[in-house]
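Chemist: Pulled these from TrEMBL:
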type    : residues                                                                                 : note
BINDING : Gly12, Ser18, Ile19, Asp63, Val64, Ile91, Lys158, Ile187, Arg188, Thr189, Thr190, Ala191 : NAD(+) binding site
BINDING : Ala94                                                                                    : substrate binding site
Amino acid sequence: MLLEGKKLLITGVLMDSSIAFHVAKLAQEQGAEVVLTSFGRTMKITSTIAKRLPTTPPVVELDVTDTEHLDTLATRLGEHVDHLDGVLHSIGFAPQGAFNFLEGTFEDVSTAMHASAYSLKSLAVAALPLMTPGSAVVGLTFDAKFAWPVYDWMGVAKAAFESTNRYLARDLGPKGVRCNLVAAGPIRTTAAKSIPGFQTFEDSWDERAPLGWDVNDAVPAAKACAALLSDWFPATTGEIVHVDGGVHAMGI
Ligand SMILES: NC(=O)c1ccc[n+]([C@@H]2O[C@H](COP(=O)([O-])OP(=O)(O)OC[C@H]3O[C@@H](n4cnc5c(N)ncnc54)[C@H](O)[C@@H]3O)[C@@H](O)[C@H]2O)c1
């Protein structure tokens with residue numbers, strides 16, 4: 001099995017539509033032991049949804065913008081796992097104001113940056129005491145090379161996120177930790193539905209993708225995350241793997 005015996009920390013399971021839910025499911029099916037994170041009011045929802053996985057995993061509290069949560073994460077995880085072979089960052093948040101490029105305030109932008117970009121570094125550093133050489137950090141982006149309709153300051157946050165991945169790869173490489181991202185096409189999740197005008201992506205993606213695209217199928221993106229968490233990309237770091245039906249490679 002691809003992830004036999006691996007111990008993985010998986011953030012971002014909110015509903016069973018969450019990309020992270022599909023990563024957790026595949027990971028368990030492929031032999032991994034999984035610990036989930038959630039925070040605040042969503043702890044209860046995540047714990048309920050966790051019961052839909054093949055094995056119900058523990059849920060540890062982590063608001064990735066909360067310094068105390070981050071500082072105590074490794075100790076609290078220690079109650080469930082003695083080390084980590086991989087960490088999935090599947091977190092994104094921006095206030096509604098951030099989805100209006102010309103009107104978005106810096107407060108909106110800084111909140112988006114904190115939760116959606118800086119958090120990759122925060123999570124990796126918080127988990128680092130438990131990570132062993134050969135382990136992996138994997139995150140999810142939405143291709144930040146382009147200016148998209150409606151994505152606005154979240155697109156800028158994703159550009160920062162992608163850059164953060166490269167700097168993390170630089171600094172964690174000498175410790176034997178790989179850092180990679182999956183650039184997924186649009187998937188109908190809670191986060192996506194909270195973006196005003198998300199429909200704009202949904203309508204055109206399937207037409208533009210040489211392989212076609214199903215906005216209700218998170219499995220292709222989840223499979224790529226599982227592969228990057230496995231031992232099958234031993235010399236790959238600072239990379240972005242596109243799982244978008246091929247849209248990134250097309251002119252029109
Ligand atoms: N859905 C898409 O179309 C799509 C495409 C490309 C990339 N992504 C990325 O995939 C990732 C997962 O999103 P999703 O689409 O599965 O949506 P989702 O709503 O299911 O998951 C987002 C998660 O982020 C968590 N979160 C938000 N703020 C947090 C904080 N401060 N601390 C800890 N957790 C926090 C939420 O609780 C939720 O579990 C995000 O990074 C998103 O940008 C999504």
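Placement of Cβ uses the backbone N, Cα and C atoms for every residue, glycine included.
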Chemist: Once near-sequence residues are set aside, which residues in the chain of Lys158 (NAD(+) binding site), 6 or more away, have Cβ atoms under 8 Å from its Cβ?
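Modeler: Set apart from Lys158 (NAD(+) binding site) by at least 6 residues yet with Cβ under 8 Å, we have Ser116, Ala117, Thr141, Phe142, Asp143, Ala144, Tyr151.
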Chemist: Provide, as an integer number of angstrom, the distance between the C-alpha atoms of the residue listed as 'substrate binding site' and Thr190 (NAD(+) binding site).
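Modeler: Cα of the residue listed as 'substrate binding site' to Cα of Thr190 (NAD(+) binding site) measures 13 Å after rounding.
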Chemist: From Ile19, Ala94, Lys158, which binding-site residues have a C-beta atom under 6 Å away from some atom of ligand 1?
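Modeler: List returned for ligand 1: Ile19.
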Chemist: Might you list, by sequence position, any residue in that chain lying six or more from Val64 (NAD(+) binding site) with a Cβ less than 8 Å away from its Cβ?
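Modeler: Sequence-distant Cβ neighbours: Thr11, Phe39, Leu70, Ile91, Ala115, Ser119, Ser122, Leu123.
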Chemist: Roughly how wide, in whole Å, is the group Gly12, Ser18, Ile19, Asp63, Val64, Ile91, Lys158, Ile187, Arg188, Thr189, Thr190, Ala191 that binds NAD(+), by largest Cα to Cα distance?
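Modeler: Largest Cα to Cα distance for the NAD(+)-binding set is 23 Å.
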Chemist: Relative to the Cβ of Thr190 (NAD(+) binding site), which residues of the same chain, six or more apart in sequence, are found under 8 Å away?
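Modeler: Counting only residues 6 or more apart in sequence, the Cβ neighbours of Thr190 (NAD(+) binding site) under 8 Å are Leu14, Met15, Ser17, Ser18.
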